[in-house]
Amino acid sequence: MDRIVEIEKVSFESEYEVTLRPLTFEEYIGQEKIKSNLKVFIKAAKKRLESLDHVLFYGPPGLGKTTLAHIIANEMGANIKISSAPMIEKSGDLAAILTNLEEGDVLFIDEIHRLSPAIEEVLYSAMEDFRLDIIIGSGPAAQTIKIDIPKFTLIGATTRAGMISAPLRDRFGMQFRLQFYTDNELARIISIAASKLGKNSTKEASLEIAKRSRGTPRIALRLLKRIRDFAEVSDENSISKDRAKSSLDSLGVNDLGFDEMDLKYLDILVGSKRALGLSTIAAALSEDEGTVEDVIEPYLLSNGYIERTAKGRILSFKSYSVFGITPPMHITEEKQNKGLFNE
């Protein structure tokens, strides 16, 4: 699926994102409660001359989990080693990573929910006792070799917290769910990023981009980069609201942040006039269920455009109202009943 509002990280963006990445909590915009708590925990760990307890970040992609990991390492004065679960295929792969860590290092594992059970088993003793238990051989002749490793901080990131096994999840002393960003927070991020890219973005332009960025910094920065291209081709030194609007319209992103895939998803529900299961929607979109559930639906759910029910996905009353469609009778009655209880 090729979308300008795609949330997953695109390979060519890695270097681009690094140049715009904040290095401290003061530079990091948004996630205020998480930042506040982390500041306390980091200060306490440094005061005790200890490594920070293990941290788990979860939530939709593109909200800053990797950036927060880098900031934690920076605030702790530690080196950070980056890996991802799909790259750790064997116990030996994990052992090689852990034995090469230095005292106080931060190990960041992205997509940690994809670790195999065998890898998780090795990780348990490493997280709790800073020791590797390596089994040599098999059967009655098998032996366990214990290897001490430096004390370190594991930071795990996942978009699917429910897929992490309970034993692994319980070993993270700190667990934080990242929230979608407000338009004002995104507008500030966009203005700062535009300056770093050599373009001034007016307050109105930044807010226009923010409104169409689905509450996600990664999308906001991607849209900004494309709008900058339009501005440069037109020899414009700054990004105005009109430039932002026309560029976003050209990119097929409407004023609600919807692209063609979102509209197709919603159109499927409109046409069905009943609840649809995830597999049915995925088949209609020609996408896998994981992409629909992790990439398309989070924004629609968090903003109240769709609802999950026991029977499946349905359009919310808000969607019928936004798109000027008369809702089915049962939706109208449900809305009226909610209103009675809220009075």
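The backbone N, Cα and C atoms fix where each Cβ goes, glycine too.
Sequence-distant contacts of Glu128 (ATP binding site), defined as residues of its own chain at least six apart whose C-beta falls under 8 angstroms from its C-beta, comprise Arg171. The ATP binding site annotation in Swiss-Prot covers Leu20, Arg21, Gly62, Lys65, Thr66, Thr67, Glu128, Asp129, Phe130, Arg171, Tyr181, Arg218.
A helical conformation is recorded for Thr66 (ATP binding site) in the three-state DSSP classification. With a 10 A radius on its CB, Thr66 (ATP binding site) counts 23 other CB atoms from all the protein chains. For Thr66, the entry in Swiss-Prot reads Mg(2+) binding site.
The DNA binding site annotation in Swiss-Prot covers Arg308, Arg313 and is backed by sequence analysis. In sequence order, Leu269, Ala275, Leu276, Gly277, Leu278, Ile281, Glu297, Ile306, Glu307 are the residues near Arg313 (DNA binding site), counting only same-chain partners six or more apart with C-beta under 8 A.
Positions annotated as region 'Large ATPase domain (RuvB-L)' by Swiss-Prot: 1-181.
Per-residue pLDDT, averaged over the region 'Small ATPAse domain (RuvB-S)' (182-252), rounds to 95. Here Swiss-Prot flags 182-252 as region 'Small ATPAse domain (RuvB-S)', drawing on sequence analysis.
Annotation comment: Swiss-Prot describes 255-343 as region 'Head domain (RuvB-H)'.
When the neighbouring Cβ atoms lying within 10 Å are counted for each of the binding-site residues (Phe130, Tyr181), the highest count belongs to Tyr181. Those residues noted as binding ATP (Leu20, Arg21, Gly62, Lys65, Thr66, Thr67, Glu128, Asp129, Phe130, Arg171, Tyr181, Arg218) have their most widely separated CA atoms at a distance of 37 Å. Cβ neighbour count for Arg308 (DNA binding site) (all protein chains, 10 Å cutoff from its Cβ): 13. Neighbour list (Leu20 (ATP binding site), Cβ cut-off 8 Å, at least 6 residues apart, same chain): Ala193, Lys196, Leu197, Leu221.
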